[in-house]
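Participant: Handing you this structure, nothing more for now.
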Amino acid sequence: MSTETHDEPSGVAHTPASGLRGRPWPTLLAVAVGVMMVALDSTIVAIANPAIQQDLHASLADVQWITNGYLLALAVSLITAGKLGDRFGHRQTFLVGVAGFAVTSAAIGLSGSVAAIVVFRVLQGLFGALMQPSALGLLRVTFPPGKLNMAIGIWSGVVGASTAAGPIIGGLLVQHVGWEAVFFINVPVGLAALVAGLVILTDARAERAPKSFDVSGIVLLSGAMFCLVWGLIKAPAWGWGDLRTLGFLAAAVLAFAGFTLRESRATEPLMPLAMFRSVPLSAGTVLMVLMAFSFIGGLFFVTFYLQNVHGMSPVESGVHLLPLTGMMIVGAPVSGIVISRFGPGGPLVVGMLLTAASLWGMSTLEADSGMGITSLWFVLLGLGLAPVMVGTTDVIVSNAPAELAGVAGGLQQSAMQVGGSLGTAVLGVLMASRVGDVFPDKWAEANLPRVGPREAAAIEDAAEVGAVPPAGTLPGRHAGTLSEVVHSSFISGMGLAFTVAGAVALVAAAVALFTRKAEPDERAPEEFPVPASTAGRG
């Protein structure tokens, strides 16, 4: 009987493969099932929020905390969670994350108050953070370098498919079962991932991984990420010049500065700054931020365009996004093969150029644009993003030493979170500014009668998301004209947002020129110093 063998990453110790345990492809299956649960949750919950608001008589702020509490917990703890995997083993960390995510999902479904839901959503975010870096860490230490891209490609395809399925599955569950089912669905998926993980995954950790925790570094980094992400989340509502926004962003800068100073002096740092002496790793991190800025920030407006301008239901809008996600699902494994053969640089540059072209194409959409042209830009965007998601992840993870595989996975996920939050906030401000500039002129050109300042402000606010408010004091005969003014104002703002997103994607294409995959013998141990307390262990 043949035995599967491959070159293991240097400095990694794990239990020898036996049966299914420790085999690369079964490991990918087990990891993918767990990550599928997190990816599905990232889009499915948004569909349930209106039903939760109505059923529990929640305020808009309460519902926002259901989403923001999860996002904050996730963003704050990703790198620390990756460090836990490096220290205690990625298998154990992943399984704790899976079990905790499933249990908190069940608790949310059983909750009878918004406060309880928010608490469990925060816990859910913490457990989700345990899973994602550990998943990449397990792939890094299980797959040989020549097949890692393919594994990441399939993993990315699963994430894309689950994300795409979220609105469709969520809409069906909310409509036919209830909002609780959106969370209960994680329980059987979590049990499947837990059983698969217990049977298949093997303990894997780097022999040279530090044995202590940089508590000061954890506190400073967590505080910096919290202030940064929260400031970006609230900036559109508070205003960029508001003292609260400036205060949180200033606190983030100070905390990051303190974290950098701490890491430069720590014996066993949370995230060794020497990692960033690797130009490809640094470029990959910047590229991930820029990609998320343009993609997530731009995609934020697509939902409003489909639902508020074209009048689609959440399920229908999810279906119309399938050309985008379908190309990502198909393209991710193919991209893994191409990158394995030719390296990441070329595919990443081409991918970001396609992304820029598709975003600029979407900037030309009008209120009456057909779904054919919209789908064309979605297909092009999916083809562009597929190699970027795979290649950037591989560049970051493969250029970090094996003992920091979890930290590298957390860095990759954190870069995406920060980029997405920054893109949504900045493009949202540009969108609102453009709508505010063109709305009065379009109102006057349409010869609509004057309304009171409060009603005019409410209509303009609705126009920022393409929603047509009730006519209010306007005579009913003006309803059609009001709709045209609102939609044309929204389209103008969306066009500017997509234009800027495309420009950022073009900058990302230039950054991609500095990326490459690390060779197995290229990274000398002294480039990433090992603490004296752990040197020589093994």
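Including glycine, each Cβ sits where the backbone N, Cα and C put it.
These came from Swiss-Prot, pasted as-is:
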type	residues	note
TRANSMEM	28-48	transmembrane segment
TRANSMEM	65-85	transmembrane segment
TRANSMEM	126-146	transmembrane segment
TRANSMEM	154-174	transmembrane segment
TRANSMEM	181-201	transmembrane segment
TRANSMEM	213-233	transmembrane segment
TRANSMEM	239-259	transmembrane segment
TRANSMEM	286-306	transmembrane segment
TRANSMEM	342-362	transmembrane segment
TRANSMEM	371-391	transmembrane segment
TRANSMEM	413-433	transmembrane segment
TRANSMEM	494-514	transmembrane segment
Participant: May I ask which of the stretches 181-201, 213-233, 286-306, 371-391 has the most CB pairs under 8 A with the transmembrane segment (413-433)?
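Facilitator: Against the transmembrane segment (413-433), the leading stretch is 286-306.
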Participant: Other than its close neighbours in sequence, what residues sit by the transmembrane segment (181-201), given a CB gap under 8 Å and a spacing of at least six beyond its ends?
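Facilitator: For the transmembrane segment (181-201), the sequence-distant neighbours (Cβ-Cβ under 8 Å, at least 6 residues beyond its ends) are 20-23, 26-27, 29-31, 33-34, 36-37, 40-41, 44-45, 47-48, 91, 94-95, 98-99, 101-103, 105-106, 108-109, 138, 169-170, 173-174.
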Participant: Given the transmembrane segment (28-48), which of the listed stretches 126-146, 154-174, 239-259, 371-391 has the most Cβ pairs that are under 8 Å apart from it?
Facilitator: 154-174
Participant: Could you give the residue numbers and ranges of same-chain residues that sit at least 6 residues beyond the transmembrane segment (126-146) on either side and whose C-beta is under 8 angstroms from one of its C-beta atoms?
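Facilitator: Residues 6-9, 12, 14, 22-24, 27-28, 31, 34-35, 38, 41, 70, 73-74, 77-82, 84-86, 90-91, 93-94, 96-101, 104, 152, 155, 201-202, 204, 206, 340, 393, 397-398, 402, 405-410, 412-413, 517, 520 contact the transmembrane segment (126-146) from elsewhere in the chain.
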Participant: Can you tell me which of 213-233, 239-259, 286-306, 371-391 gets the most C-beta pairs within less than 8 Å of the transmembrane segment (154-174)?
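Facilitator: Most contacts with the transmembrane segment (154-174): 371-391.
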